[in-house]
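Features as listed in Swiss-Prot:
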BINDING   Ser9, Ser15, Ala16, Ser17, Met95, Tyr96, Asn97, Phe98, Thr139, Ser140, Gly141, Gly142  FMN binding site
Amino acid sequence: MNILHLDSSILGDHSASRQLSRDVVEAYKSTHADSHVTYRDLASEALGHFSAASLAAAGTPVEARDAAQQQEVDNNEATLQQFLDADVLVIGAPMYNFSIPSQLKAWIDRIAVAGRTFRYSEAGPEGLCGGKKVIIVSTSGGLHQGLPTGAGHEELLKALFAFIGITDLQFVRAHGLAYGEEPRANAMAAAKQQIESELLAA
């Protein structure tokens, strides 16, 4: 069982999503003794944003690439392969300005690859990544779930993973974290209880 654990919060030890994503991984490991965890901190070891240079590197024949292009291709392939090798993904995904962190979006741009994680056919797009499980730790200062202001956060992630064929998607939520000490404590406690009841009991 290969677990890919991704954090994207810029808040370090003060991050709620980091704390809860660790809890999710530990809970999953406790019920899956054969688990192997690969950890990636997308904030401290950020991928560059996908660019024209990224496309040019991928489209340049191997023998014609310069060193920078080859490094770009190698980094992108390593990121994609890390995703493909994972059976379970645990993703810390805080809301920043009504969406996900740009660091997480940069990772998504490396794993949404035509011919590798999805393809187009006469019937339309087809996801190629079925069989994986994704657990998303969703945190936010406000309360946006089900509102237009939340469309670029959880709904974006749902659409992306569905597009590449992943239907086993679970959210652990701690929202309203900026509403004061008591609401924050209550939201964190509820998320921890969800982890215990849904993951430790699995």
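Cβ atoms here come from the backbone N, Cα and C positions, even for glycine.
Here the features listed in Swiss-Prot are painted onto the structure.
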| residue | record | DSSP class |
| --- | --- | --- |
| Ser9 | FMN binding site | coil |
| Ala16 | FMN binding site | helix |
| Met95 | FMN binding site | coil |
| Thr139 | FMN binding site | strand |
Subject >> CB within-chain contacts under 8 A for Gly141 (FMN binding site), separation at least 6 >> reply: Met95, Gly176, Leu177, Ala178, Tyr179
**OP:** Around the Cβ of Thr139 (FMN binding site), how many other Cβ atoms lie within 10 Å? Please give the count over every shown protein chain.
**Re:** 27
**OP:** Compile a sequence-ordered list of residues in the same chain as Ser9 (FMN binding site), six or more apart from it, whose Cβ lies below 8 A from its Cβ; state 'none' when nothing qualifies.
**Re:** Ser15, Ala16, Ser17, Arg18, Ala43, Gly92, Pro94, Pro101, Thr139
Subject >> The one of Ala16, Met95, Asn97 whose CB sees the fewest other CB atoms within 10 Å, among these binding-site residues >> reply: Asn97
